[in-house]
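Notes follow once the structure below has been shown.
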């Protein structure tokens with residue numbers, strides 16, 4: 001059967017058949033691993049979310065939506081859900097505002113490439129290492145302050161208990177924005193670099209301010225890239241775990257529930273718990289994670305959809 | 001500042017209020033100066049933080065907290081400048097963890113690319129029907145948080161005695177890295193020219209041989225990028241290592257660092273703690289200094305296209 005990629009000529013018919021024969025040996029190893037280790041476990045998680053199960057030694061017992069009802073009335077889950085949403089929304093808004101600001105300034109600035117490279121580096125540092133690093137920088141201890149409070153006190157301000165349960169979520173949001181901004185600045189700047197310079201020159205001639213150039217040139221012409229970047233952000237932020245675990249807690253066991261995220265919730269109810277694990281509840285929370293990311297991604301795509309601009 | 005109305009449309013030009021600045025001399029509005037100052041400040045803080053990390057790894061806790069910007073002195077005066085590193089290395093079991101991580105990361109990254117490259121090739125170059133759908137099916141895996149697979153995966157692996165086992169960890173790492181790698185490599189294979197492949201076919205080379213001797217070498221840049229990005233990702237991976245490895249002898253560096261964190265902060269061993277962080281971070285810094293461009297373009301590739 002001739003395919004659409006038929007390259008013409010006598011050799012191609014038989015060749016195409018041989019090419020197609022290669023498809024399964026090439027594709028099968030990867031897709032098998034993918035299905036066994038990712039697709040099946042995801043489905044299993046969905047199924048286990050409807051059961052009550054304490055893990056090894058116990059048999060899962062079907063309980064319908066009982067886990068989800070219990071999640072709704074659980075303080076730990078409520079904190080986890082709202083904090084995760086906060087990281088996605090507040091962290092996202094912060095990161096993208098910062099990235100936009102940088103695109104306004106960085107476009108024709110000397111040393112722009114160097115700046116991008118420096119800001120990108122935290123993105124390839126292990127979140128555990130980042131968390132431990134921040135936990136020392138943000139220590140509150142009168143007379144022996146961490147770097148952040150040292151700086152605050154040296155300009156005459158009061159030291160802040162950054163890592164206290166009621167502050168820590170905002171503090172982690174800040175750390176997250178700081179650490180990820182380089183990635184999004186790089187993505188957006190790559191798109192900005194593709195915009196023909198004459199558009200900016202025209203705007204300059206018309207006397208446009210940096211904000212007007214951003215609003216009427218940069219933003220419309222990078223819109224699609226911003227949409228993809230938004231999806232990447234959502235996917236990344238929904239699973240935030242190590243940074244919170246290390247910064248908000250004592251290290252080996254879970255932080256106070258006020259600081260939890262969905263990732264922490266799943267871990268605490270299954271592998272990290274001090275008492276009896278609740279695998280069923282953990283799976284239900286994991287399902288919420290995947291629902292949350294799906295809903296937000298679809299919503300974002302809807303919101304960002306528009307006709308492509310040719311330039 | 002601006003005297004034009006807020007809508008600057010590009011097409012119909014307005015007569016300029018100001019003469020166009022001479023090429024090279026840009027008009028510096030106060031807003032722009034402010035923006036540039038902010039950008040430089042932000043960058044300077046990043047560099048300062050990196051300096052703080054590296055210098056603190058050689059300091060005593062008192063030096064870290066009372067003289068955060070001073071150069072390390074105490075351990076140098078005592079003739080034992082690497083004291084913190086030695087402490088972390090011995091107490092966190094980093095010696096063995098380092099070895100485990102290097103081998104595990106190297107083998108996993110190579111196998112990931114070996115499995116992903118043919119798959120990506122099959123999805124882009126073999127003219128199979130439904131290839132786009134299958135590409136999407138695999139790519140969706142990038143959006144699945146590990147937390148949603150980790151519980152059944154752990155149960156399943158425990159059934160076959162592959163938990164707390166480095167071979168089991170290797171399998172998990174390879175499988176869970178596939179979506180990103182396949183997706184990345186489809187991009188590279190798509191960008192290769194058709195002509196060489198056709199020429200090889202006309203010369204009678206089998207499709208397998210065309211792949212091995214023509215297309216794979218052509219995609220070398222992509223394969224190396226995939227290798228490096230996976231190595232970075234796995235070097236830093238912690239959640240799965242926490243779940244699947246619970247014996248010190250099997251710990252990876254990130255896993256060992258996680259365990260070391262609470263022990264060392266309990267003893268106020270902040271110097272050792274930061275040295276531990278540095279042991280995990282510095283190899284990445286060296287890699288980054290060598291390969292920054294490749295790493296940055298590789299990681300941001302998916303979004304730009």
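The backbone N, Cα and C atoms fix where each Cβ goes, glycine too.
These come from TrEMBL:
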type	residues	note
DOMAIN	A:81-300	domain 'ABC transmembrane type-1'
TRANSMEM	A:26-50	transmembrane segment
TRANSMEM	A:85-106	transmembrane segment
TRANSMEM	A:118-140	transmembrane segment
TRANSMEM	A:170-192	transmembrane segment
TRANSMEM	A:221-248	transmembrane segment
TRANSMEM	A:279-300	transmembrane segment
For the transmembrane segment (A:221-248), distant same-chain residues with Cβ under 8 A (at least six beyond the ends): 83-84, 87-88, 91-92, 95-96, 99, 103, 126-128, 130-132, 134-135, 138, 163, 165, 168-169, 171-172, 175-176, 180, 184, 187-188, 190-192, 195, 199, 254-256, 259-264, 267, 289, 292-293, 296-297, 300-301, 304-306, 308-309, 311
Interface-richest range of A:85-106, A:118-140, A:170-192, A:279-300 toward the transmembrane segment (A:26-50), CB pairs under 8 Å: A:279-300
Non-local residues, at least 6 beyond the ends, that sit with Cβ under 8 Å of the transmembrane segment (A:85-106): 112, 115-116, 169, 172-174, 176-177, 180-181, 184-185, 188-189, 192, 210-211, 213-214, 218-219, 222, 226, 229-230, 233-234, 237-238, 240, 261, 292, 296
Intrachain residues whose Cβ lies under 8 Å of the transmembrane segment (A:118-140), provided they are six or more past its termini: 146-149, 159-164, 171, 175, 178-183, 185-186, 241-247
